Each structure stands twice: as structure tokens, then as C-alpha cells.
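Here is the structure we will look at, set down as C-alpha cells.
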Amino acid sequence: MVKPRVFMNFMVGDAPAGRVIFELFNDTAPKTAENFRALCTGEKGVSPISDVPLYYKGCTVHRAIKDFMIQAGDFTKGNGAGGESIYGAPFPDEDLERPIDSEGLLVMANRGPDTNSSQFFVTVRPCPHLDGKHVCFGRVVAGYDVIEKISNVETDGKDRPLEKVLIASCGELEFRKVPPKPVADREASAEASEEESPPPKGKRRHRGEDSDEDDSEEEERKRRKRERKARKQEKRDRREKERSKRDEVVPSKPDPAVPHQETEEEYDARLEREEQERINEIRRKELEALKREKEDTSVVIDGVRYKGRGAMKYRDPESSFRQK
């Protein structure tokens, strides 16, 4: 069974913190894994109960404890008091036998037995005291350093991060099959293996009265071998010549009817690029708003621009003298 993989891109304050990729244990906790996967993609749309999207995107990390764990998943209230599963009501525990015995494990948060919804936490150390109480349904396969970074942010007395930490974007990774080896390459490898394999050994004849006959048979065998090898080389050279000529005359072009399939690296780069563009656009708008605010608060008198207000206003002595 192929285990699904999902990703989350985190932000700390206004800066991207990095991407974390989780592998889900859909073999031992299928209902829990499907709930988490669907909440990462947002494919279930808006909840008829809470009237909010069933989606982790924009959800905050509302709890971070150094050397223990980080907790998130409350997309209804954002403070750890809410959350909702794709099944509506809280759903029962599935696999409580898997131990929570290492860092980087993905575990469901709950309020007691059979109260799973959408909140989850990621461990930063083994937590044997939670064995049998929480369902472990996944693990971090990439980006564990991001989890450690978030667990070390400054928090208040209730372990709430002082700086906003959120899931900027999330989704499911697509598995792609390795394309089959081209036929031409298979033929070339077969020919190479055939040439490398030694010729079958025939029965040796004792030299004696028929030594002249043996020598002639040996010469004939060598001649046939040389001719066979020459034909193979000629055939290979002709094929290479035709291939190079075809490549020069008609360069290969991508078929416009077939859409380009992104690799996982291209997909990750595109998501990071789009997220950076979004952040840059927000900053640009904030700078423009500050600039407009400064222009609105400035006053021009006798060709002199005055900025600020109250006792801090700059007074030009020459302007004051002219007014007197």
C-alpha cells in the first residue's frame, strides 16, 4: 500500500520558515490519515456546521513547547478550543498501540478517548507518557528542522507563540511513475551484453595427423567471428548516423497537446515562488500605505513643508520673522 504524503509551508511572523513533508500511516489509521490528508488539500469545501473551510491553510500554531512538541489544527477558533473533522462530529481512536517513541511523529490531539477532530501535534522528543492515549498516524520525512525552529519560538505563560506562526499553504504530493526505458536504449544494452559475453567453447581436438585440418577450421571460425563483429559495428554506426541526422534536421519539440507534468522539485519551487510573491505584494502595499499616511500628515506653509504635530512640529525662524 502506497502511503500518501502531504506538505505544509510554515511562516513565522512575516518570513517563510520552510516546508515540512509528512508521510501518513493509512495502513494502521486509515480514517485519521484520510481526515488529515483532506484537511491539507481543502477538497471538502466549507463546513455546514461551522461555516468555515475545512482547510489547514491559514491555520495558526497555537501552542509551542520547547523540547516537547508544537500543536496546530484549530482552524475554527485558532486558540486550541475549536477544530472540526471532515466527518462532522469527533471520530473514535484507531491505532493506540503504536508508541510515541521518537521525535518527528504526527499525533492527534484530543480531549479524551474518541474525541479526534482536526487538532494535531508534532513531537520534538519521545513521549512515552502519551502512549495509549493519542493516535500516532504519521511521521516527518523532510523539514524536521522547521519543526525544531517553531518549537523554539518565544511564548507566553500558556505556551502561545508571541510571534504569529501559521500554515501558509498545504496540500498533497503526487507520486509519479518512472518512465519506461526507451526501446533504442534497450537494444543498445542488449547488443553490448552480447558482445561482452564470451563465445561458446567447442570441443578441443587433439593435434595429430589432422593438425592442418584443425588450423583451417580455426581460421574459418575466426574469420566468421570478425565478419559478424564487423556487421554489428556497421549496423550500430548506421543507426547512430541516422539518429544524429534526424536530430539535426528535425529537432524534438514538446507536444503541445500533452500538458507538462511538474516534478516534485518544480512543484516545490513554484509554491515557494508564489508564496514569496504574495509576501512581497503585501509588503509593497504596506509601504505604499505608510507613504500616503506621511504625505497626508504634512503641511506646507510659505513653501515650507511641516511634518508631525503638537510640540514636536518644526518651526522655521525665518518664516516666523517674515510673519511678524
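Heads up, the Cβ atoms here are built off N, Cα and C, so glycines get one too.
Remember, TrEMBL labels are computer predictions, not curated facts.
For the domain 'PPIase cyclophilin-type' (7-172), the predicted model reports an average pLDDT of 95. According to TrEMBL, the domain 'PPIase cyclophilin-type' annotation covers 7-172.
Annotated compositional bias 'Basic and acidic residues' per TrEMBL: 178-189 (among others), in sequence order.
What TrEMBL records for 178-277 is region 'Disordered'.
Taken from TrEMBL, the feature compositional bias 'Basic residues' applies to 222-233.
What TrEMBL lists as compositional bias 'Basic and acidic residues' is 234-250 (among others).
Within its own chain, the compositional bias 'Basic and acidic residues' (268-277) has Cβ neighbours under 8 Å at 7, 9, 16, 19, 168-169, 262, counting only residues six or more beyond its boundaries. The compositional bias 'Basic and acidic residues' annotation in TrEMBL covers 268-277 (among others).
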### Query
If you run through the compositional bias 'Basic and acidic residues' (268-277) with DSSP, how many residues end up as helix, strand and coil?
10 helix, 0 strand, 0 coil
